[in-house]
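Undergrad: So that we are looking at the same thing, I have put the structure below in structure tokens.
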Amino acid sequence: NVWRFPYLCQKNGGGAYLVPYLVLLIIIGIPLFFLELAVGQRIRRGSIGVWHYVCPRLGGIGFSSCIVCLFVGLYYNVIIGWSIFYFFKSFQYPLPWSECPVSRNGTVAVVEAECEKSSATTYFWYREALDISNSISESGGLNWKMTLCLLVAWRIVGMAVVKGIQSSGKVMYFSSLFPYVVLACFLVRGLLLRGAIDGILHMFTPKLDKMLDPQVWRDAATQIF
């Protein structure tokens, strides 16, 4: 949510996106959240057992929700792997994605043409982090750096599952407060950049015509769930 919400806000009309988001949050998001808490506290069963208790024929809903959670876990753990990769790369100075790579041909320094046409961050993302092939017909080799980061991410998940819910309670104070510290650092850094005020005005200036676009409401509903 932290990295996706600003992107959706900028994509879907800035401040105008907050209107469908808040409407759907009040009408759908918060009621479903409290309904889930109430049902779980009253019946005291898991996702599958709750629906089987309500009606045995509805047990498939519980299985479906577990499958959805599985796919969501696979999707987000890849993002965690990317984050781990960038975490270790960020200890370098200068940052590897701050400048285009330069190759030397004798005494002549040549900037990578592909990077020069796009940007240093885009080049690093596609060529260093993802290590994608030149075309879809080429499968490419194993990206061992990203594979190791993904294994580390799944190792963390495995340790959390084995230790149980009590282990997560021990780090709850850190995990709940540290993201806000990081966001505060990002806020200060963003405000110190050149053109920060123009960017903020562009992001939060409402584009009311966007509210008539069904895709905006769809993105808002997806963000809530």
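Yeah, the Cβs are placed from backbone N, Cα and C, and that goes for glycine too.
It should be emphasised that the depicted structure is a prediction, and the values quoted were computed from it without experimental measurement.
I grabbed these lines from Swiss-Prot:
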- 1-8: transmembrane segment (TRANSMEM)
- 16-35: transmembrane segment (TRANSMEM)
- 60-80: transmembrane segment (TRANSMEM)
- 81-143: topological domain 'Extracellular' (TOPO_DOM)
- Asn105: N-linked glycosylation site (CARBOHYD)
- 144-162: transmembrane segment (TRANSMEM)
- 171-188: transmembrane segment (TRANSMEM)
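Let's see these features in context: how buried, what's close, how far.
TA: Long-range contacts of the transmembrane segment (60-80) within the same chain, counting only residues at least 6 positions beyond its ends with a Cβ under 8 Å from a Cβ of the stretch, are 46-52, 150, 153-154, 156-157.
Regional average pLDDT for the topological domain 'Extracellular' (81-143) in the model is 84.
Around the Cβ of Asn105 (N-linked glycosylation site), 7 further Cβ atoms fall within 10 Å across all displayed protein chains.
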Undergrad: Please report, as numbers and ranges, the same-chain residues at least 6 past the borders of the transmembrane segment (16-35) whose CB is under 8 Å from any CB of it.
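TA: For the transmembrane segment (16-35), the sequence-distant neighbours (Cβ-Cβ under 8 Å, at least 6 residues beyond its ends) are 8-9, 206-208, 210-211, 216-217, 219-221, 223-225.
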Undergrad: Which residues, given as numbers and ranges, are at least 6 beyond the ends of the transmembrane segment (144-162) yet have a Cβ under 8 Å from it?
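TA: Here the qualifying positions are 73, 77-78, 80-82, 84-85, 88, 129-131, 168.
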